[in-house]
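Peer 1: Pasting a structure here, questions to come.
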Amino acid sequence: MTYELEQLGYKKQVCQKCGNTFWSIRERATCGDAPCDEYEFIGNPVTDKQYDLMGIQKKFKGFFKDHGHTPINRYPVLAKRWRNDVFLVGASIYDFQPWVTSGMVRPPANPLVVAQPSIRLNDVDNVGRTGRHMTCFTMGAHHAFNTDETPIYWKNETLRYCHEFLVSIGINPEEITYIESWWKGGGNEGPSFEICAHGVELATLVFIQYATTKDGLKEIPLKIVDTGYGLERIAWVSQGTPTAYDATFGSVIDKLTDISGVELNTEILSENARIAGMMDIEDISDLKLLRKKVADKLSLDPDMLKKTTAPMEAIYIVADHTRCLSFMLADGIIPSNVKEGYLARLVLRRTVKYMNELGLNESLSDIMKMQVDYLSKTYPEIKDNKDHIINITDLEEERYHTTLTKGKNLVKRSIKTLKKQNKKSFPTDMLINFYDSHGIPPETVEAISKENAFDANIPDNFYTQIAAAHEEEEEEEIEEMELNFPKTKLSFYDDLKQRTFTAKVLGVVDSNKIILNQTIYYPEGGGQPSDIGTITRVNGEVLNITYAQKVDGIVLHHVAKEDESKLDNIVGEEITGEIDSKRRDLLTRNHTATHLVIASAREVLGKHIWQAGAQKGLDKTRIDLSHYKRISHEEVQEIERLANKRVQENHPVNIQWYDRTDAEVKYGFKLYQGGIVPGKNIRVVEIPGIDVQACAGTHCEKTGDIGVIKLLRTERVQDGVERLEYAVSDSGIKKIQDDDDIIRNSSDVFGVDAEQLPRTCKRFFNEWKEQQKRIKSLEKQLAQVKIFSLENEIANINGYNVITEVLDVDNNQLREIAINLVEKEEVADIAILINNNGNIVASSNNKILEKGMKMGDVVNDIGKFLGGRGGGKPTLAQGAKMTDLSRKDEAFESVKEQIRSWN
């Protein structure tokens, strides 16, 4: 492993500070990495020319292209496009997990080079403060995937490439060190090197060659060169700027300082970065120690330093977060309260928070425009999504401000509750609940707490804790069924028109599930229900099949309960199967229609549209789409028009099996709209020029076979997900006819033609509203008359005017009379009124409340006599089901007795 280093003149040494083994050309006491060595490049660039991020990315890819590597385009930062275990890409190797790294699928090129934007939110609280931490960074990587049959290159070549690249940009080889290490993760491990120069780590070279097992390390057949070069850091050392942010964000920083009026103090920033580089900030949640060290070094008061650095840190945070957001939103993440959408919203709201701290008058979308324009020089696909990004940020910023307004009252109420419990600060889980469930950021909690003399107790690493809790997809536990049978041949793929078949029975499990060697029964999957039908034995007995299920490639045919007794001695028998043809045809049309609806929705609503779930049905089908706002009626109509236009155009529906890598190279990750399909080979369903998906379902030969698509309704199923329901073919026609019947019947009721129905309904509705106004006016007059008649019934008890009556009025009048007697007319201090329906209203003024009598208690006390209950505010409460009015006098007297007892 070290042969190449020796050839390059490197000698093995041991760091006198950390004890790590490293390699260096010159003799040195330390390993070259922080905290053993201080940053030496700040104010002193160490390359032959200065590179911005775009420049070093071009240089990196060009170098490795010249050395036999195929450049590939970046993958989306949304890893869920091709894998189920994580939400976001955290390193370039994520691009190739699990399919390539498992050896199941060949890589898109071998060897290859990629500059992969990666997102890690585990240090989000350190961004802007240390000079180097970022939420989004570009990992330059060259990868090689080696097998015994096809070796590409391994350790020596990897070390040589790294050395030659760093030297090619002007870094003195005598300043480069290679620190020996060991990498472990994701069930694999192997030796590695951390490459440092001038006090900063620039790259990591990992050689994945072992599987981690309970019995120790086991060599794996696929040996992977997994490298990661920090391109932002390389740009930083080439420029020698005070922070990595200055080297990375270019004109975005300049524009932010211009509009905010913030001046960047290079002396403070440089010293802060140097000292932060000497500290293991990742393990320090409280950054006060860093601030103290910087203050001591510069002979400044720590509080004054914090005040000085806060706006500079905010500039860097806004620049970093808007870059992260640009990739997130351009790659299809919709901010929401769950999964990857939660992480996007977290970053977005932190951005707005720091914009507010800077006192910016600009909107978030104004800042995003700056970032999008800057990034688009390297990533044109981001500019293609500019309108979408701006629409989302405008909407999300508005939602954020609405959330803050609503949330303040919740925080105030919580403070009162905690004070009553003699608590002096918020527990962390309550702060997390404020943020997770109500969207209230800790800074808002802190501000309200100060106003109410309460300790917010916000952890320094609050956002890091939040992000860590939401970064990985929760694995769904599936109860496995062990089946020792060969996989079932899915014969319906050979001929989708086949409706009968013959097969051999291989076994029966759980007394009611038949396993065959082959089948045309479609097993439930991809949102498509299974086929149903019959299996006929050689003796003529017919078994009804109610459900087909696939487990690890084996199809289980569920037999109806009433036919389970017919399964004796069936194993080994040749049977005849038949599926319900009408059901299959309708589900087939529904499935192809779903592809058209998705494609039409994407054209109408935007490229961000992605399937979040689907369920095909006989009467109606639904599709869930990632979208950031409600779908309007006009948009629904346009989606329906487009989908039916494509039905009428009678496009071919092409179905073909592809090698997974070939399919991804040809079509991209839009293949996985309907979910991630496993396997080396995938079945691709393409409607040319309209839609393409990896799909295992049954489909029409042409779109014209669908007949008609009728959109029924939309629904918001969760934050960031919109549902479309629609009916297809005969079900669609029936829905159109049902709607026509409703219109015709309504027209008959009003005695007008259908064209006049909207105008007639509007006229009747307006007349009804006018009648309601008149009725309410008359009710008020009747209530006033009733009030006058009740004044003679008021009793003075112990100095308080009390009225208790049963009235023949409706609920609304009852409430109005009770309130007016106390508040408007002021003839009673307390009014307790019941109507013949058993409703009760109790109203009082502050004189009664000051004696400790609350109307909610009064209503429930009376309910003990009359059988009902209720509740409300201290001076106004309501109740119902006071049905035992024979005890009304007894109930009223109990209240009067309390009043008599007052001193």
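Yeah, the Cβs are placed from backbone N, Cα and C, and that goes for glycine too.
According to Swiss-Prot, the protein has these features:
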BINDING   HIS591, HIS595, CYS695, HIS699  Zn(2+) binding site
Peer 1: Around HIS591 (Zn(2+) binding site), which residues of its chain at least 6 apart sit with Cβ under 8 Å of its Cβ?
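Peer 2: Correct list: GLY526, GLN528, LYS616, CYS695, GLY697, THR698, HIS699.
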Peer 1: Among the binding-site residues listed here (HIS595, HIS699), identify the one with the smallest other-Cβ count within 10 Å.
Peer 2: HIS699
Peer 1: Once the chains shown are all counted, how many other Cβ atoms turn up within 10 Å of the Cβ of CYS695 (Zn(2+) binding site)?
Peer 2: 27
Peer 1: Take the mean position of the Cβ atoms of HIS591, HIS595, CYS695, HIS699, the recorded Zn(2+) site. Which other residues of that chain put their Cβ within 8 Å of it?
Peer 2: THR592, THR594, VAL653, GLY674, VAL685, GLN693, GLY697, THR698
Peer 1: What does DSSP say about HIS595 (Zn(2+) binding site): helix, strand or coil?
Peer 2: helix
